[in-house]
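Working notes, beginning with the structure itself.
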Amino acid sequence: MTTLTHIPQGTPITLESIGKRYGNRTVLDNLQLRITAGQFVAVVGRSGCGKSTLLRLLAGLEAASDGTLLSGNALLSHAKDETRLMFQEARLLPWKKVIDNVGLGLRGHWRDEALQVLDTVGLADRANEWPAALSGGQKQRVALARALIHRPRLLLLDEPLGALDALTRIEMQGLIERLWQQHGFTVLLVTHDVSEAIALADRVLLIEEGRIGLDLAIDLPRPRRKGSAKLAALEAEVLERVLSPPQGIEASRQGIKASRQGTATSRRVAN
């Protein structure tokens, strides 16, 4: 397997008082966060807490309602060409062969580098096949190659392994970790799998009701051995916080739920 040519150091990120609202609903509330260049950060939390919204803001797919996103002293939007986002679905075009999916949107002489990145993810021999011939894990490898060919400094991962079987998921985790160590880009991984977050990240963020409720450093050597006592203890710490949030957070959650139910009842009465 060949090595992809050097990718520049990762993008540093600063969030200053970031908020995001959809109508009257606040999804992200006054986020303050600094991520150093090349750091691997995992973001966990309950469904609807704002994890994926955060990634969309960082990718430039949506604008924040409040605050500023920075990369160093410049706006993060200036680094948009160096940012790539991977989704849970590989989103390959079925009418284009694997190599053409990797080079999608590129001009000039890109095919040699496309073959190189496919080799990096272990799929050089599938370059001229159709996506329909690939397994779910192989499709995600193609999606990863499609991101790598752009030489990203910031890689955003929105549950990219969530639909894979357990063994394929472990293999993909190892591949992502090796590529990150080799090339030094900054990674933000959104995942519902706390064990995955602990195994891969330098740092785990827990988002609760649109705010950062926990910021936990994972100061363990790599490669990390699954099932180790230290990993299990960290996983238990995060899970306990996810399942048993502080009283203020839970009261806020119940208040929002009651408010929504009250609004729905009022609408039914009015009708």
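The chain as shown is numbered from 1 upward.
The backbone N, Cα and C atoms fix where each Cβ goes, glycine too.
The annotation domain 'ABC transporter' is assigned in Swiss-Prot to 13-234.
What Swiss-Prot records for G45, R46, S47, G48, C49, G50, K51, S52 is ATP binding site. According to DSSP, G48 (ATP binding site) is assigned to coil rather than to any helix or strand.
Marked as region 'Disordered' by Swiss-Prot: 250-271.
Positions annotated as compositional bias 'Polar residues' by Swiss-Prot: 260-271.
Taken together, the residues in the domain 'ABC transporter' (13-234) have a mean pLDDT of 94 on the 0 to 100 scale. Within 10 Å of the C-beta atom of G45 (ATP binding site) sit 24 other C-beta atoms, taking all shown protein chains into account. Contacts of K51 (ATP binding site) defined by a Cβ separation under 8 A and a same-chain sequence distance of 6+ are given as V43, V44, G45, V190, I207, in order along the sequence. Other Cβ atoms within 10 Å of the Cβ of R46 (ATP binding site), summed over all protein chains shown, number 16.
Contacts of S47 (ATP binding site) defined by a Cβ separation under 8 A and a same-chain sequence distance of 6+ are given as H192, in order along the sequence. Within 8 Å of the centroid of the Cβ atoms of G45, R46, S47, G48, C49, G50, K51, S52, where the record puts ATP, the same chain has further Cβ atoms from T53, I207.
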